[in-house]
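Undergrad: I have a structure here, written as structure tokens, and I will follow up with some questions on it.
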């Protein structure tokens, strides 16, 4: 290869001289191709015995388990704590942990003490095993409601009531009935077992179907569910809690019906709290953020001020403002969930496990993309599953990432899961000693903090508008997921969003990009003739590119597209179609501009100047179809059958020879495994388009006896 640069135009020109490979086999032989890649371990070779392979596999797994990467992957806390900067990160984590701690008190209809348990025991496990640095694990309204539905179905209805303290009653129950607490802990255990099983089976890979636009639409709609669930506390309404499909619509109708009974004091409290936090976050925080390194925990100040004002002003008695009320102190007694209930709730808990994981993974993806780090889908399954299993022995319900707490933890300066450790430490103090101090916290203030924290979720509406311009199909997935979650329900909406995402994926794979290629004079490139008018098709040869896979879903489409690109060409030989010497000379003049052998950059000068007119295409007959496989990723058995039928049909019916070029090694091996080369000659496989074209032209009968105008330069 030689190269030189022009001082005036700064143009690099290269010229390659090599022999033409008449088929793929010649290329493989000349460059000594290995039929099987070399293996480092002798036991990995195909001829090794089964026992030897098994021993090598066990040895490899044992070696991997002793490696540092294995333990860093199993316990991510080891990796991020070793790089933790106490000087730069701890202050933000401390502030975030202090702020989020109080928000762990649930708003899903369970006693506050249960929410504190869920914010302490499972979180300790997730901190060690989780890969996300910012999500806040604990109570989440949606999973709480889904769990409540199962509890209502299997618990003793005479004492089962999520909204009362009866969740903690466990005595004087017959063996055929279960308390609400027993059912809730059994659900938590079963959800954890499902998630651990999915993690062991490496089903976290299914998280890849949660595309960015699906996650955006899903979390935005879930945020609306959370806001609606907090509206009764914001306005002091007394409405019925709904479950099942269309519960959001029924809740909104109930809210509007109950508006005349709203408590003005609670509405005013919510308005003041929301206004103060909104002004701080949108105006004050950007201003002082340039002067100090950490944001002020305004949310924490609001909670403390609200608690103090409620206590000294006796807001409950004077203005009927609802507060947290009684918060007992002390740790729960460890209790084994009732194993006999697990087979009965096994099917019902699958949806809870999937929704809890999907919500957590969605939030983890949002923060990972925003902060520029990676998460492990399988490790998230194991971490959340282990957290649920551990929490089930301490009176916990299934945990998940909370949208509001996660957004708040990140916005007030949280950098790592050490913020959750700080939160757990404060919750420990609350559980043991100071819990009663927060009994006067108004629910309106707590709900205001939750609603303001969800602002980042609603900003994601911009994702829909931006996606609508760049990819209408992706925007359709966003809107389908959003509407399904809002109108129907979160679990059903998530399923419908996944179906929509997969449908778009199948549609795109069903009809990928296809093009007829032409040669750019003076280069080795073949490009789409629709976008490059100067590209010229080689006489008698059709070069076709299919960018994608050929499988059972698009095999027929592939065949139809190929036939449409072949067009109205006839099957007669080109030599029999040329009736006069003038036509031969015209074709030879056209062929003179296709000089693959020299790649002369000046070869197209006369063509571009219009000095020579191109003959009508109707007199050219296709004798060879070159399938450019450079963008062909995969061919399954159905695709192999289509390629076989294409080869035989073209040859028998139209006299066209099919040729494969630019095939990757995995593609050749896949075709070989499907016995494709039993009917298709391997001599018709070429390492490149240029080799195929030059070999065809050199052996073609209409090469005009190697005249000076031949497209091939010997």
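Heads up, the Cβ atoms here are built off N, Cα and C, so glycines get one too.
Annotations in TrEMBL come from automatic prediction, not curation.
Below are the features listed in TrEMBL for this protein:
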| type | residues | note |
| --- | --- | --- |
| DOMAIN | 531-696 | domain 'STAS' |
| TRANSMEM | 112-129 | transmembrane segment |
| TRANSMEM | 178-197 | transmembrane segment |
| TRANSMEM | 294-313 | transmembrane segment |
| TRANSMEM | 341-360 | transmembrane segment |
| TRANSMEM | 381-404 | transmembrane segment |
| TRANSMEM | 416-434 | transmembrane segment |
| TRANSMEM | 441-461 | transmembrane segment |
| TRANSMEM | 481-507 | transmembrane segment |
Undergrad: If we call contact 3 or more Cβ pairs under 8 Å (sequence gap 6 or more), are the transmembrane segment (341-360) and the transmembrane segment (112-129) touching?
TA: no
Undergrad: Can you name the far-off residues of the same chain, 6+ from the ends of the transmembrane segment (381-404), with a Cβ under 8 Å from a Cβ of it?
TA: 103, 110, 114, 117-118, 121-126, 129-132, 135-140, 142-144, 147, 168, 181, 184-189, 191-200, 203-204, 219, 222-223, 226, 331-332, 334-337, 352-353, 355-357, 359-360, 363-364, 449-451, 453-454, 457
Undergrad: Which sequence-distant residues neighbour the transmembrane segment (481-507)? Criterion: at least 6 residues beyond either end, Cβ under 8 Å.
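TA: Here the qualifying positions are 142, 146, 209-211, 214, 217-218, 220-222, 224-225, 244-249, 351, 354-355, 358, 464, 473-474, 553.
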Undergrad: I'm checking region-level scores; what's the whole-number mean pLDDT for the domain 'STAS' (531-696)?
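TA: Reported value for the domain 'STAS' (531-696) is a mean pLDDT of 76.
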